[in-house]
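Since the structure comes first, as structure tokens, the remarks are kept for the end.
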6 protein chains.
Amino acid sequence: MLSKNYEVFIGCEANFDTADIVLFGAPYDSTTSYRPGARFGCRAIRTESGGLETYSPYQDKDLTERSICDSGDIELPFGASEQALYLIKKRADVILNAGKVPFMLGGEHLVTLGAVQAAYAKYPNLSIIHFDAHTDLRDDYLGVKLSHACVIRRCWDMLGNGRIWQFGIRSGDKAEFAWANAGHTHLQKFDFSGLTDVLQNLSGQPVYFTLDLDVLDPAYFPGTGTPEAGGVTFRELLDATLTVCRHANVVALDVNELAPNLDASGVSTAVAGKLVRELLLAI
Amino acid sequence: MLSKNYEVFIGCEANFDTADIVLFGAPYDSTTSYRPGARFGCRAIRTESGGLETYSPYQDKDLTERSICDSGDIELPFGASEQALYLIKKRADVILNAGKVPFMLGGEHLVTLGAVQAAYAKYPNLSIIHFDAHTDLRDDYLGVKLSHACVIRRCWDMLGNGRIWQFGIRSGDKAEFAWANAGHTHLQKFDFSGLTDVLQNLSGQPVYFTLDLDVLDPAYFPGTGTPEAGGVTFRELLDATLTVCRHANVVALDVNELAPNLDASGVSTAVAGKLVRELLLAI
Amino acid sequence: MLSKNYEVFIGCEANFDTADIVLFGAPYDSTTSYRPGARFGCRAIRTESGGLETYSPYQDKDLTERSICDSGDIELPFGASEQALYLIKKRADVILNAGKVPFMLGGEHLVTLGAVQAAYAKYPNLSIIHFDAHTDLRDDYLGVKLSHACVIRRCWDMLGNGRIWQFGIRSGDKAEFAWANAGHTHLQKFDFSGLTDVLQNLSGQPVYFTLDLDVLDPAYFPGTGTPEAGGVTFRELLDATLTVCRHANVVALDVNELAPNLDASGVSTAVAGKLVRELLLAI
Amino acid sequence: MLSKNYEVFIGCEANFDTADIVLFGAPYDSTTSYRPGARFGCRAIRTESGGLETYSPYQDKDLTERSICDSGDIELPFGASEQALYLIKKRADVILNAGKVPFMLGGEHLVTLGAVQAAYAKYPNLSIIHFDAHTDLRDDYLGVKLSHACVIRRCWDMLGNGRIWQFGIRSGDKAEFAWANAGHTHLQKFDFSGLTDVLQNLSGQPVYFTLDLDVLDPAYFPGTGTPEAGGVTFRELLDATLTVCRHANVVALDVNELAPNLDASGVSTAVAGKLVRELLLAI
Amino acid sequence: MLSKNYEVFIGCEANFDTADIVLFGAPYDSTTSYRPGARFGCRAIRTESGGLETYSPYQDKDLTERSICDSGDIELPFGASEQALYLIKKRADVILNAGKVPFMLGGEHLVTLGAVQAAYAKYPNLSIIHFDAHTDLRDDYLGVKLSHACVIRRCWDMLGNGRIWQFGIRSGDKAEFAWANAGHTHLQKFDFSGLTDVLQNLSGQPVYFTLDLDVLDPAYFPGTGTPEAGGVTFRELLDATLTVCRHANVVALDVNELAPNLDASGVSTAVAGKLVRELLLAI
Amino acid sequence: MLSKNYEVFIGCEANFDTADIVLFGAPYDSTTSYRPGARFGCRAIRTESGGLETYSPYQDKDLTERSICDSGDIELPFGASEQALYLIKKRADVILNAGKVPFMLGGEHLVTLGAVQAAYAKYPNLSIIHFDAHTDLRDDYLGVKLSHACVIRRCWDMLGNGRIWQFGIRSGDKAEFAWANAGHTHLQKFDFSGLTDVLQNLSGQPVYFTLDLDVLDPAYFPGTGTPEAGGVTFRELLDATLTVCRHANVVALDVNELAPNLDASGVSTAVAGKLVRELLLAI
């Protein structure tokens with residue numbers, strides 16, 4: 001990471017050693033089944049972060065007062081999911097082992113699996129808080145186990161029942177909802193009802209927070225591969241996000257599924273960047 | 001309809017004889033006065049329906065449990081409204097006479113007239129529930145009687161006073177509002193207030209349900225020829241739509257005015273497709 | 001203004017002498033630091049106003065019943081802010097001195113300065129009501145004093161403390177918020193809370209109303225240079241806008257920061273045009 | 001034409017009486033069968049003409065030295081072709097009867113029929129020079145006789161054999177090519193070979209020149225409803241166009257089938273505008 | 001292939017048994033390293049083929065006179081290249097074994113490998129004619145052997161030296177050009193020079209023809225993942241393509257790398273469709 | 001230039017001291033009078049250079065064999081041309097004084113003035129070779145002397161008669177062409193005729209080479225603020241460019257007027273990047 005050849009997220013200019021939080025990008029979208037482009041998400045968030053301020057009027061905090069390192073994107077081989085996940089896990093391992101919080105920018109949702117593997121290796125009692133429009137609970141997709149449509153199921157393979165808390169879900173096949181409701185995960189349809197209770201119960205335990213941005217209504221976030229009407233507003237998401245950060249012990253996190261090529265207005269990228277800033281200030 | 005050369009809407013693979021509901025497309029937009037493209041609506045809804053699931057978590061129902069036939073698009077001659085409406089009426093007649101519910105995908109709003117003619121021929125006591133941003137009550141537009149801006153007025157020519165119930169209206173000229181309020185139609189400005197009462201009064205009577213998607217706020221649905229700010233949210237529309245389906249005797253219906261070319265993000269098409277799915281499951 | 005070579009805003013065909021309100025455009029965006037295009041705003045609002053009706057169902061009023069002159073765009077030299085502001089002030093002076101209300105269509109927000117200079121010259125006890133996502137309170141931007149990021153600060157240079165009322169603000173650097181809160185301006189974060197009280201206190205005094213359209217959430221208004229998530233809805237803005245017009249003595253006003261090139265769907269232009277219509281009918 | 005409410009083409013500010021050439025727009029595209037948008041062509045050519053110079057380095061002439069009137073667009077009723085053609089013919093009649101050259105900006109190619117009717121009424125020995133990618137020789141399209149795909153056939157109905165000279169043609173059905181080659185029209189495939197000979201033979205006779213811009217290769221002109229690969233370059237078209245103007249007695253002309261909405265780069269509009277300038281200077 | 005749920009390429013309505021040529025689509029682009037979207041190519045070519053005529057004025061032939069079956073797209077699992085290639089090979093095997101010519105529509109260029117495997121299994125003395133901007137001769141890309149950047153190298157692994165003829169090449173790394181020139185392939189830079197000689201030498205031998213559309217200059221074909229300036233014109237490519245079809249014994253072929261999402265004007269899709277039509281008529 | 005926070009152009013990773021050529025960006029477009037966006041040019045060229053190879057098959061050379069430093073963009077204040085030009089001159093001074101060749105990426109064409117001032121300070125006998133569609137010879141634009149439309153005139157103010165050689169010019173007002181032809185500059189209309197002779201005469205003398213990319217036909221380069229039909233092809237430009245580099249003593253150069261926001265396909269950026277690579281390898 002010596003010779004830096006990329007733009008960092010605004011205000012994240014600490015070097016690795018002094019940082020508390022370490023950003024990295026996972027530009028991979030080879031298993032996206034509908035409309036690709038999430039590979040461009042992490043870079044867009046960085047290069048457009050110049051349109052943001054470092055100061056948050058929501059939290060009255062400033063990124064310049066924090067110690068955050070942006071370690072750039074991992075170079076990932078398209079069409080080779082296993083190897084990509086291996087490289088992601090390796091990067092997250094390094095950050096976790098240095099006692100820092102890894103903050104991954106996707107990429108499609110499959111990348112979460114690599115980071116969760118790393119977090120789970122360090123925290124065997126890990127729980128996952130999952131904001132998403134989609135269940136992501138299929139066992140396979142056209143025979144493929146490593147797919148964005150299966151990522152939470154793959155996490156469950158590791159963590160088992162009662163460790164995964166899903167919010168905002170409004171799409172999936174019938175079997176996925178049934179499987180969740182059979183005790184495998186906690187699945188809250190449509191919104192964030194019950195989030196505070198969940199956080200109270202988790203209090204103190206290590207949490208991986210994965211935020212699939214398509215939990216937002218497409219009115220607020222059109223730039224994503226599989227937009228799904230009926231989602232939450234930006235303010236609802238910001239509130240829920242800050243609630244998680246304040247009340248949970250977040251040991252690793254990610255923001256994923258921005259496909260900036262699908263929103264020429266640039267708004268989706270701006271939304272993602274603002275959420276990243278708020279997350280960086282809140283955890 | 002023997003040799004099928006089109007993609008069907010997801011989960012609508014029944015053949016005509018066994019189906020309860022029959023979809024068809026009316027790709028016509030020659031009278032659109034502002035920005036054309038509604039001709040592409042029906043086809044986009046079908047080809048992009050692969051991005052949806054067949055299962056609705058709102059209704060806990062699945063399209064695979066229903067018997068729906070998608071009979072494809074009618075080939076309509078652009079610039080010849082009378083002939084186009086004749087062909088639409090003919091298709092709707094066939095479906096109605098077979099005891100099935102015709103579900104038309106527009107196309108501009110004028111296409112509704114052909115389907116209403118067919119429904120009125122079978123149900124002389126027909127009422128219309130009309131969700132829209134625009135009154136569509138002009139008597140003519142630059143001298144043309146068959147225009148998207150006159151379609152509800154043309155329906156009134158058949159049905160007469162007290163049979164047309166309009167909701168969500170927020171645009172029209174002064175004379176149109178005055179004409180409506182003079183007892184010709186029931187016109188609810190801006191939202192769905194009073195919908196439940198209307199449905200109670202209509203109970204049992206045959207209803208044609210015409211859903212102009214621009215009743216949605218353009219934030220939720222930018223892909224339409226004449227976007228009009230100040231509309232309803234997706235959730236409000238979904239609620240109202242399910243309410244109609246549950247409490248009215250819908251004998252025919254349509255969804256119109258998606259112009260997918262005007263929304264490069266694909267969100268408007270996804271919104272339309274999801275509403276079609278919910279309608280198919282609710283009626 | 002004799003030989004007119006432009007399209008007027010719908011329903012604004014009065015000549016200068018008989019008009020109460022005089023529209024003009026200020027197509028300038030040379031200091032825009034992020035994404036340019038506001039120069040195209042005023043013209044787009046005019047040429048797309050044909051998609052609106054002259055009648056407002058919100059106010060039950062019609063533009064055809066008013067006397068409004070659209071005096072066209074000023075030809076402004078790009079890259080020469082001082083000269084541009086001089087030309088804007090001159091146009092506003094002419095209108096004010098004729099006892100009419102100048103209504104300027106931007107352009108970037110810097111253009112407000114020229115019009116405020118004119119209004120302040122006539123009304124030394126002028127106050128400003130400012131709707132915006134951004135504070136616009138920097139003293140300079142990369143050493144430049146005449147910048148869209150400094151425009152309200154430049155207004156304060158003239159008006160001094162206690163005369164500027166800001167609403168909807170959700171972005172700025174830490175120092176700007178601190179400066180505002182040190183008594184220089186009234187700054188209401190995020191929404192329009194307290195607007196009614198402010199208007200009561202201002203009752204009778206001359207008010208300049210400057211509406212930066214990015215106060216809207218980007219879901220409702222993506223077509224702007226610096227979209228900022230977390231804004232108000234169209235209905236909230238419409239309500240607040242009508243409230244200002246009804247309860248304040250608005251002597252001059254502007255609507256700015258539409259960049260139509262950044263929203264290919266045309267929705268942002270339609271939103272801006274509708275607000276202009278409502279403002280024209282309400283003041 | 002007294003109260004002008006539109007922008008004129010650059011340098012065309014003469015009034016009707018003193019002008020030699022009179023521009024007008026025919027914003028109609030209701031019979032376009034593939035992708036609409038030609039309705040926006042005439043207006044875009046005008047409003048973007050500000051990006052051109054009035055001076056042509058090709059001809060060393062300047063529009064400011066000519067007397068050209070731009071009489072604006074005709075308001076045409078969408079979906080009513082017969083009436084639209086009637087209004088077009090009427091406008092062209094007025095111009096021709098005043099001893100001036102009508103120069104029509106389309107619109108789809110069908111609009112040519114109205115102007116040819118007017119020219120034929122005045123010049124019974126009229127010939128047509130037709131640049132196009134498509135034959136436009138169908139007798140009907142889905143039963144409709146008034147269609148952009150039939151426009152040259154409709155002209156032939158009036159003029160008869162040996163009066164129509166087609167160049168650049170590279171698309172049509174087999175029967176259309178056969179019909180042309182049976183002596184009905186002169187049809188030059190792919191390019192302008194033989195143009196000089198044709199012009200020599202026509203010398204002195206009145207010529208209607210109709211330029212369908214899709215004769216250009218889509219590389220040079222993507223903004224059209226039915227792009228057809230394999231066309232001529234801009235320089236080839238400019239040469240051929242100037243050749244026609246210099247050697248033929250052009251009594252009326254049109255440029256059509258720009259659909260600016262299909263080329264977001266604006267290049268197609270700039271190409272069309274430049275050709276209009278060169279035509280205005282050359283005839 | 002019994003229940004068809006897709007649109008066929010225009011004029012390709014023969015059933016499998018009676019057809020000479022069988023079209024199929026390979027919607028895969030998971031190894032695309034720069035800008036994805038080739039997955040949408042095959043479907044776009046089909047659905048937009050309605051904008052073409054079945055008749056070619058270049059060859060004076062008509063698709064309706066041929067017996068061509070369009071067997072639809074293969075459902076391929078994204079992110080699993082090995083499995084995707086297996087499915088492609090299987091489809092090509094079926095077609096070849098039935099004595100017909102497989103004509104594959106990509107998809108990214110990697111898909112060629114599956115079809116070449118099938119052709120090579122039947123024709124051990126197979127040669128490849130390869131039109132492309134890129135060498136595609138890397139041994140691996142970030143460690144991945146199955147990549148669009150390696151596809152011709154993988155073909156060489158099977159066929160060996162002197163069997164691969166590349167034309168139009170204008171991009172690659174230094175080592176790839178050196179490797180080609182060391183006798184592994186025949187590589188003609190920039191254009192089609194020498195094509196006729198090559199075809200004469202190949203006379204009678206079985207040829208696989210793979211046409212990467214980015215051999216075209218991006219002026220003619222912008223809709224592709226890795227546009228490379230300096231390519232051939234449409235007419236040059238059409239000539240070379242017809243030359244191959246007339247003089248070589250083409251036993252299988254493909255057209256690939258159309259990414260329709262990258263060219264909103266639709267021109268690239270129209271270009272691809274026209275080439276497919278000409279190929280279908282020429283082989 | 002110590003802490004690098006940007007991506008460098010591919011293969012340009014030398015540090016300043018060891019480099020022969022030093023790239024820098026001048027992201028300024030405040031005087032652009034038609035369509036802005038050139039400010040995004042330099043950054044887009046860099047970030048998209050990853051789509052290029054470092055090797056040129058045209059010259060058989062590789063960037064990895066050269067010593068080139070990419071020193072990043074200058075932060076320039078929008079709307080303040082004088083200050084921007086001062087900062088540009090300062091950067092070019094540093095590079096020239098270190099005995100290296102400054103290679104500037106625009107930005108609008110006005111930025112050339114700053115770099116020419118620096119080159120002229122070092123080389124009083126400087127000549128300029130200027131490729132462009134436009135004369136850029138106005139004395140002022142709406143009273144503004146520092147404008148992209150005046151930049152070559154401002155250079156002439158320094159260099160005087162007989163030092164400026166313009167090629168490819170096809171737009172300007174009549175007076176500009178007359179002024180050029182009165183002996184102030186050498187102006188070659190439309191193409192590169194005479195370039196070799198000019199270079200022979202200049203042999204040995206210091207040359208500033210300014211390449212306005214709109215000299216290309218918009219078919220090849222749509223992404224620019226003022227596209228002008230009738231330009232040269234990419235191959236013609238590449239040939240002419242290499243000719244200049246091989247036969248002239250180029251002491252400083254720039255490439256300007258890419259507006260990547262105006263070409264969503266990305267082709268224009270790819271074209272610009274390829275020309276930059278060829279220039280870097282040829283000088």
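In case you wondered, yes, glycine gets a Cβ from its N, Cα and C as well.
Per TrEMBL, these features apply:
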BINDING   F:H109, F:D132, F:H134, F:D136, F:D212, F:D214  Mn(2+) binding site
Checklist entry - Counting across all protein chains shown, how many other Cβ atoms sit within 10 Å of the Cβ of F:D212 (Mn(2+) binding site)? => result 27
Checklist outcome for this item: Surrounding the recorded Mn(2+) site, with Cβ no more than 8 Å from the Cβ centroid of F:H109, F:D132, F:H134, F:D136, F:D212, F:D214 and those residues left out, we find F:H130, F:A133, F:H148, F:V151, F:V215, F:T226, F:N256, F:E257
Checklist entry - Non-local Cβ contacts of F:D132 (Mn(2+) binding site) (under 8 Å, 6 or more apart, same chain)? => result F:H109, F:I152, F:Q166, F:F167, F:G168, F:I169, F:T210, F:D212, F:D214, F:V215
Checklist entry - Within the chain of F:D136 (Mn(2+) binding site), which residues six or more apart in sequence place their C-beta under 8 angstroms from its C-beta? => result F:H109, F:H130, F:H148, F:A149, F:C150, F:V151, F:I152, F:R153, F:G172, F:D212
Item to check | Residue with minimal Cβ packing [other Cβ atoms within 10 Å] among the binding-site residues F:H109, F:H134 | outcome: F:H134
Next on the checklist: Please give me the CB contact count at 10 A for F:D214 (Mn(2+) binding site), counting all chains in the structure.
Outcome noted: 28
